[in-house]
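Data first, discussion second: the structure below is written as C-alpha coordinates.
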Amino acid sequence: GIGGAFQYGLQVSIINSPAEYIKSFIRETWLKRYGSSPTEELITLMWSFVVSIYSIGGLLGSLSAGYLSVRFGRKKAMLFTNIPALLSAALMGLSRLCGSFEMIIAGRIFSGVCGGLGLNIHLMYAGECAPRKLRGLIAITASTAIAIGKFVGFALGLREVLGVDALWPILMAANALPALIQLLTLPFFPDSPRYLLIDKKDKEGCI
(Lines of atoms letter the chains of each structure in order from A and count residues from 1; the text may use other names and numbers.)
(Lines give C-alpha, C1' and ligand atoms only; values in the text may rest on other atoms or scores of the structure.)
Protein backbone atom coordinates (compact mmCIF):
# COMPACT_ATOMS: atom_id res chain seq x y z
CA GLY A 1 0.00 0.00 0.00
CA ILE A 2 2.93 2.40 0.39
CA GLY A 3 2.96 3.10 -3.35
CA GLY A 4 -0.80 2.80 -3.70
CA ALA A 5 -3.39 4.27 -1.35
CA PHE A 6 -0.69 5.76 0.90
CA GLN A 7 0.30 8.17 -1.88
CA TYR A 8 -3.29 9.37 -2.16
CA GLY A 9 -3.59 10.03 1.58
CA LEU A 10 -0.21 11.78 1.67
CA GLN A 11 -0.98 14.16 -1.20
CA VAL A 12 -4.44 15.03 0.13
CA SER A 13 -3.07 16.18 3.50
CA ILE A 14 0.39 17.50 2.60
CA ILE A 15 -0.94 20.54 0.74
CA ASN A 16 -2.50 22.14 3.84
CA SER A 17 0.62 23.19 5.77
CA PRO A 18 2.55 25.18 3.11
CA ALA A 19 -0.52 27.13 1.89
CA GLU A 20 0.69 30.57 3.01
CA TYR A 21 4.26 29.91 1.86
CA ILE A 22 3.11 28.89 -1.62
CA LYS A 23 0.86 31.95 -1.88
CA SER A 24 3.83 34.16 -0.93
CA PHE A 25 5.95 32.36 -3.53
CA ILE A 26 3.33 33.00 -6.23
CA ARG A 27 3.21 36.67 -5.20
CA GLU A 28 7.01 37.06 -5.27
CA THR A 29 7.39 35.23 -8.58
CA TRP A 30 4.67 37.34 -10.23
CA LEU A 31 6.31 40.54 -8.98
CA LYS A 32 9.73 39.52 -10.36
CA ARG A 33 8.31 38.53 -13.74
CA TYR A 34 5.85 41.32 -14.45
CA GLY A 35 7.05 44.12 -12.16
CA SER A 36 3.68 44.52 -10.45
CA SER A 37 2.03 42.86 -7.47
CA PRO A 38 -0.82 40.46 -8.32
CA THR A 39 -4.26 41.07 -6.81
CA GLU A 40 -5.47 38.92 -3.92
CA GLU A 41 -8.15 37.50 -6.24
CA LEU A 42 -5.44 36.30 -8.65
CA ILE A 43 -3.43 34.74 -5.80
CA THR A 44 -6.57 32.94 -4.60
CA LEU A 45 -7.29 31.75 -8.16
CA MET A 46 -3.76 30.36 -8.61
CA TRP A 47 -3.89 28.68 -5.19
CA SER A 48 -7.27 27.15 -6.13
CA PHE A 49 -5.62 25.69 -9.24
CA VAL A 50 -2.82 24.20 -7.12
CA VAL A 51 -5.32 22.50 -4.80
CA SER A 52 -8.07 21.44 -7.20
CA ILE A 53 -5.96 20.34 -10.19
CA TYR A 54 -5.08 17.25 -8.12
CA SER A 55 -8.64 15.99 -8.68
CA ILE A 56 -8.25 16.30 -12.47
CA GLY A 57 -5.07 14.21 -12.28
CA GLY A 58 -6.88 11.73 -10.05
CA LEU A 59 -9.65 11.39 -12.63
CA LEU A 60 -7.11 10.77 -15.42
CA GLY A 61 -5.31 8.18 -13.28
CA SER A 62 -8.53 6.41 -12.32
CA LEU A 63 -9.67 6.23 -15.94
CA SER A 64 -6.29 4.72 -16.96
CA ALA A 65 -6.08 2.18 -14.12
CA GLY A 66 -8.28 -0.48 -15.74
CA TYR A 67 -6.47 -0.40 -19.08
CA LEU A 68 -2.97 -0.45 -17.56
CA SER A 69 -3.76 -3.27 -15.13
CA VAL A 70 -5.05 -5.49 -17.96
CA ARG A 71 -2.43 -4.47 -20.53
CA PHE A 72 0.65 -4.80 -18.30
CA GLY A 73 -0.56 -6.70 -15.24
CA ARG A 74 -1.28 -5.46 -11.73
CA LYS A 75 2.34 -5.46 -10.56
CA LYS A 76 3.76 -3.60 -13.57
CA ALA A 77 0.87 -1.14 -13.43
CA MET A 78 1.67 -0.47 -9.76
CA LEU A 79 5.31 0.11 -10.71
CA PHE A 80 4.14 2.49 -13.45
CA THR A 81 2.38 4.68 -10.85
CA ASN A 82 5.81 5.65 -9.52
CA ILE A 83 6.69 7.49 -12.75
CA PRO A 84 4.12 10.30 -12.22
CA ALA A 85 4.97 10.25 -8.49
CA LEU A 86 8.66 10.93 -9.13
CA LEU A 87 7.84 13.48 -11.85
CA SER A 88 5.56 15.36 -9.47
CA ALA A 89 8.19 15.28 -6.70
CA ALA A 90 10.84 16.67 -9.09
CA LEU A 91 8.57 19.45 -10.40
CA MET A 92 7.32 20.60 -7.01
CA GLY A 93 10.67 20.17 -5.28
CA LEU A 94 12.49 22.31 -7.87
CA SER A 95 9.72 24.90 -8.35
CA ARG A 96 11.22 27.55 -6.05
CA LEU A 97 14.71 27.00 -7.41
CA CYS A 98 13.38 27.54 -10.95
CA GLY A 99 11.08 30.41 -9.92
CA SER A 100 8.00 28.79 -11.42
CA PHE A 101 4.70 28.31 -9.62
CA GLU A 102 3.42 26.60 -12.80
CA MET A 103 5.70 23.68 -11.89
CA ILE A 104 3.70 23.22 -8.67
CA ILE A 105 0.46 23.05 -10.68
CA ALA A 106 2.00 20.53 -13.12
CA GLY A 107 3.39 18.53 -10.21
CA ARG A 108 -0.03 18.38 -8.57
CA ILE A 109 -1.53 16.99 -11.79
CA PHE A 110 1.08 14.22 -11.87
CA SER A 111 0.61 13.47 -8.17
CA GLY A 112 -3.14 13.21 -8.85
CA VAL A 113 -2.48 10.72 -11.66
CA CYS A 114 -0.33 8.71 -9.24
CA GLY A 115 -3.06 8.80 -6.57
CA GLY A 116 -5.81 7.79 -9.01
CA LEU A 117 -3.77 4.90 -10.40
CA GLY A 118 -2.43 3.71 -7.05
CA LEU A 119 -5.74 3.78 -5.21
CA ASN A 120 -7.53 1.68 -7.85
CA ILE A 121 -4.74 -0.78 -8.68
CA HIS A 122 -3.83 -1.29 -5.00
CA LEU A 123 -7.33 -2.62 -4.25
CA MET A 124 -7.33 -4.81 -7.34
CA TYR A 125 -3.82 -6.22 -6.83
CA ALA A 126 -4.09 -6.83 -3.08
CA GLY A 127 -7.56 -8.37 -3.34
CA GLU A 128 -6.58 -10.76 -6.14
CA CYS A 129 -3.35 -11.88 -4.43
CA ALA A 130 -4.90 -12.40 -0.98
CA PRO A 131 -5.82 -15.90 0.26
CA ARG A 132 -9.59 -16.36 0.42
CA LYS A 133 -9.70 -16.29 4.23
CA LEU A 134 -7.79 -13.00 4.37
CA ARG A 135 -9.38 -11.24 1.40
CA GLY A 136 -11.59 -8.91 3.45
CA LEU A 137 -8.74 -8.04 5.80
CA ILE A 138 -6.36 -7.32 2.91
CA ALA A 139 -8.96 -5.12 1.16
CA ILE A 140 -9.14 -2.94 4.28
CA THR A 141 -5.41 -2.18 3.92
CA ALA A 142 -6.35 0.43 1.29
CA SER A 143 -8.29 2.45 3.88
CA THR A 144 -5.49 1.91 6.41
CA ALA A 145 -2.87 3.13 3.92
CA ILE A 146 -4.94 6.27 3.17
CA ALA A 147 -5.24 7.03 6.90
CA ILE A 148 -1.50 6.49 7.47
CA GLY A 149 -0.70 8.66 4.43
CA LYS A 150 -2.86 11.49 5.79
CA PHE A 151 -1.23 11.18 9.21
CA VAL A 152 2.29 11.24 7.73
CA GLY A 153 1.35 14.26 5.58
CA PHE A 154 0.12 16.21 8.61
CA ALA A 155 3.15 15.13 10.68
CA LEU A 156 5.61 16.24 7.99
CA GLY A 157 3.78 19.55 7.72
CA LEU A 158 4.44 20.47 11.36
CA ARG A 159 6.67 23.50 11.89
CA GLU A 160 9.09 21.32 13.84
CA VAL A 161 9.56 19.07 10.78
CA LEU A 162 9.16 20.49 7.24
CA GLY A 163 6.35 23.03 7.68
CA VAL A 164 8.54 26.14 7.46
CA ASP A 165 9.20 28.61 4.64
CA ALA A 166 12.68 27.29 3.85
CA LEU A 167 11.61 23.64 3.59
CA TRP A 168 8.21 23.61 1.90
CA PRO A 169 9.64 22.44 -1.50
CA ILE A 170 11.08 19.36 0.29
CA LEU A 171 7.69 18.80 1.94
CA MET A 172 5.95 18.92 -1.45
CA ALA A 173 8.50 16.44 -2.87
CA ALA A 174 8.08 13.97 0.04
CA ASN A 175 6.06 11.55 -2.13
CA ALA A 176 9.32 10.56 -3.86
CA LEU A 177 10.33 8.45 -0.84
CA PRO A 178 7.38 5.98 -0.88
CA ALA A 179 7.72 5.80 -4.69
CA LEU A 180 11.40 4.81 -4.38
CA ILE A 181 10.60 2.26 -1.64
CA GLN A 182 8.00 0.65 -3.87
CA LEU A 183 10.32 0.63 -6.90
CA LEU A 184 12.92 -1.25 -4.82
CA THR A 185 10.56 -3.76 -3.18
CA LEU A 186 7.63 -4.48 -5.53
CA PRO A 187 9.66 -6.31 -8.23
CA PHE A 188 10.12 -9.15 -5.69
CA PHE A 189 6.35 -9.59 -5.30
CA PRO A 190 4.32 -12.09 -7.40
CA ASP A 191 1.86 -10.98 -10.04
CA SER A 192 -1.89 -11.37 -9.60
CA PRO A 193 -3.10 -14.99 -10.14
CA ARG A 194 -6.29 -13.70 -11.76
CA TYR A 195 -4.29 -11.65 -14.29
CA LEU A 196 -2.02 -14.61 -15.09
CA LEU A 197 -4.96 -16.98 -15.64
CA ILE A 198 -7.57 -14.79 -17.35
CA ASP A 199 -5.49 -12.19 -19.21
CA LYS A 200 -2.25 -14.13 -19.89
CA LYS A 201 -3.73 -17.68 -20.08
CA ASP A 202 -0.82 -18.83 -17.91
CA LYS A 203 -2.40 -21.61 -15.83
CA GLU A 204 0.92 -22.86 -14.40
CA GLY A 205 1.96 -19.36 -13.36
CA CYS A 206 -1.43 -18.82 -11.75
CA ILE A 207 -1.14 -22.05 -9.71
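Quick reminder: no glycine exception, Cβ is built from N, Cα and C everywhere.
Per TrEMBL, domain 'Major facilitator superfamily (MFS) profile' is recorded for 1-207.
Per TrEMBL, the feature transmembrane segment maps to 45-70 (among others).
Proximity of distant same-chain residues to the transmembrane segment (77-97), defined by a Cβ-Cβ separation under 8 Å and at least 6 residues beyond the stretch ends, is recorded for 3-4, 7, 25, 57, 61, 65, 68-69, 71, 103-104, 106-111, 113-114, 117-118, 121-122, 125, 168-170, 172-176, 178-180, 182-183, 186-187. The transmembrane segment annotation in TrEMBL covers 77-97 (among others).
Look at TrEMBL and you will find 103-125 (among others) tagged as transmembrane segment. Counting residues 6+ beyond its ends, the transmembrane segment (103-125) has Cβ neighbours under 8 Å at 1, 3-8, 11-12, 15, 22, 46, 49-51, 53-66, 68-69, 74-75, 77-78, 80-82, 84-85, 87-92, 94-95, 139, 141-142, 145-146, 172, 175, 179, 192 in the same chain.
Under the heading transmembrane segment, TrEMBL lists 137-158 (among others).
Per TrEMBL, transmembrane segment is recorded for 170-189 (among others).
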Positions on the same chain near the transmembrane segment (137-158), where near means CB under 8 A and six or more residues out: 1-2, 4-14, 16-18, 119, 122-123, 126-127, 129-130, 171, 174
